[in-house]
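Chemist: Here's a structure for you.
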Protein chains: 2
Amino acid sequence: MTDSPAAPLVADLSEDGLLARIFPHLPRGPRTLVGPGDDAAVVTAPDGRVVVTTDVLVEDRHFRRDWSTGDDVGHRAAVQNLADVAAMGAVPTSLVVALVVPGDLPADWVEGLARGFGAACGPHGVDVVGGDLSGGPVVVVAVTAHGDLEGRPPVLRSGARPGDVVAHAGVCGTSAAGYAALAAGRPEVDPGAVGDFRRPTSPLAAGPDAAVAGATAMLDVSDGLLRDAERLGRASGVVVDLDDPEVALAADLDRVRPTAAALGADPVAWVLGGGEDHGLLATFPPDVALPAPFRRVGVVRAPEAQGSGVLVQGSVPTVRPGWDHFAG
Amino acid sequence: MTDSPAAPLVADLSEDGLLARIFPHLPRGPRTLVGPGDDAAVVTAPDGRVVVTTDVLVEDRHFRRDWSTGDDVGHRAAVQNLADVAAMGAVPTSLVVALVVPGDLPADWVEGLARGFGAACGPHGVDVVGGDLSGGPVVVVAVTAHGDLEGRPPVLRSGARPGDVVAHAGVCGTSAAGYAALAAGRPEVDPGAVGDFRRPTSPLAAGPDAAVAGATAMLDVSDGLLRDAERLGRASGVVVDLDDPEVALAADLDRVRPTAAALGADPVAWVLGGGEDHGLLATFPPDVALPAPFRRVGVVRAPEAQGSGVLVQGSVPTVRPGWDHFAG
């Protein structure tokens, strides 16, 4: 099988022609009162408030087209935004997509992107209600996602209190393992991790479940457990003291240890420092039964002489924290 | 006055350092329940629905940095999104901004962008509630704006009926005149129009006012009166028949005629075909008193043999329609 020589590029289609390939893949349900095609969409906001978050992916900075298909990028762009909504304790309801595409991009890639959004959103009842399309030198995917708090207060980063249990839902380090395998040119070492890197899964339902259970603080782990635990600690004015990762994160370490061995990497660095797994990190009062799939990974302590932030077993962590896309 | 040799570039600052220059300029009012800094914002949606629209501006396609300052681009990005909200008959309430910036962009430009958003949003009580920041090869500004329908049905593009009066609020052709003056390297011919091109003004209050008055259809005129009238006609399955522009749009023509004469251009082409003025085009039942500042510009007719769309004084228009950024 080879590409058809007639496979059209974006520049070969009109804007309407490209939109005609996108629209069929976008989920639309009862939350969408007015969908794409007018000046704006109208969506339900049942409790009189709406949760709003925006995230942008830039080609060659957040993804590479030789590593990820359009489907992959659409999936990832959706998940990372929906995870931010879930991290407020909200149920994701809808999103809009602003898309910049070079003229020499295959139209199939754009259709794949739409398919990826549909695949990531549809099963969660999240509607893609609108968007905008422009030309430009590289692919840029800017997503704004919305959610419904169902009458509850939002769960902020700033509510953790000394004595709270620190818990995590999702996986740690798998995306970093997949990235490392791709970077080493050896994706065959761990196709599963490569797949998780390309299409991360976030435990979206765990966000509202944590809120119902009484979570005091929560965030999406997008830049690595250490860095995001530090953010939660600083926002709350406390210390997040993580348990021994060999115990608390044993399953995550076991998952990536063979890949780390094959690539000569440190599995603890992946599990504590690797980003883009999009699990949820939350704190709960000590008497709360953790809702599944949260598992204890640490405890909240009062701020110490060196201030708020993160420790591992009471000590300053030695592992390199997650990356900063902006500084790249 | 010369630029300070020490004026920092984006690459000279950390993400937090750049955000510290942005945040002070962003308006925040009582509609913002949770503002920037957490995983997501929370804003009020008083009537249980929220209007959502997204638009993206790309450097060298939608703006040029040698023609427009950061302040100008922020202002324009805000206004074109707020106009889309108003065109649904809604009151704009909040927006989020996803921003891509090259490392060699002056940090002052980014601060100006934030200032432009503040200047465009603040007077309308619109809050900038969140955002995302990334590096990339060119400046990309993706805005998602939200609005409140105040209990009314949205005013769609598709509701125009034969016999309705077609009315416009705002100006036509001034932005095209400013663009033409800049393109000719002669901004001094019409500094006012150049200013309107750089920082368009939309009659935002006219959107909800039109809805209250009973407008049957409405849209934001972003791509020129002819093209957007045609969109409204096609969406409604009717013909929008515009009146003689020498009469109905006399003030708009008078405004740009000297500039057109100086540049050897056709003022009617600017007024009927020029984009980015961000007025509102609406249709009203014939017995409705038009709310200010709407003025009659045509009438809705039943579809004819050639289908729905736009006519001028009953004839197919000869003026070139507005541009298509995507095809550029």
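Any Cβ shown, glycine's included, is placed from N, Cα and C.
Fair warning: this is a prediction, and the values are worked out from it, not measured in the lab.
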Chemist: Can you pick which of B:D209, B:D220, B:D223, B:D228 TrEMBL lists for the same Mg(2+) 3 site as B:D39, B:D84?
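Modeler: Given B:D39, B:D84 bind Mg(2+) 3 in TrEMBL, the matching entry from B:D209, B:D220, B:D223, B:D228 is B:D220.
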Chemist: Using a 10 angstroms cut-off on Cβ to Cβ distances, just flag whichever of B:T53, B:T54, B:S222 is the loneliest among these binding-site residues.
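Modeler: Across B:T53, B:T54, B:S222, these binding-site residues, the one with fewest Cβ atoms within 10 Å is B:S222.
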Chemist: Using Cβ atoms only, which of the binding-site residues B:D84, B:S222, B:D223, B:E276 are under 8 Å from chain A?
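Modeler: Only B:D84 pass the 8 Å Cβ test.
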Chemist: How many other Cβ atoms are found within 10 Å of the Cβ atom of B:D55 (Mg(2+) 1 binding site), counting all protein chains shown?
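Modeler: Its Cβ has 24 other Cβ atoms within 10 Å.
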Chemist: Within the domain 'PurM-like N-terminal' (B:37-147), how many residues are helix, strand or coil going by DSSP?
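Modeler: Within the domain 'PurM-like N-terminal' (B:37-147) the tally stands at 35 helix, 46 strand, 30 coil.
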Chemist: Applying a 10 Å Cβ distance cut-off over all chains shown, what neighbour count does B:H62 (substrate binding site) have?
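Modeler: A count of 23.
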Chemist: Checking the spread of the ATP site as listed (B:G131, B:D132, B:R157, B:S222): what is the longest Cα-Cα distance, in whole Å?
Modeler: 31
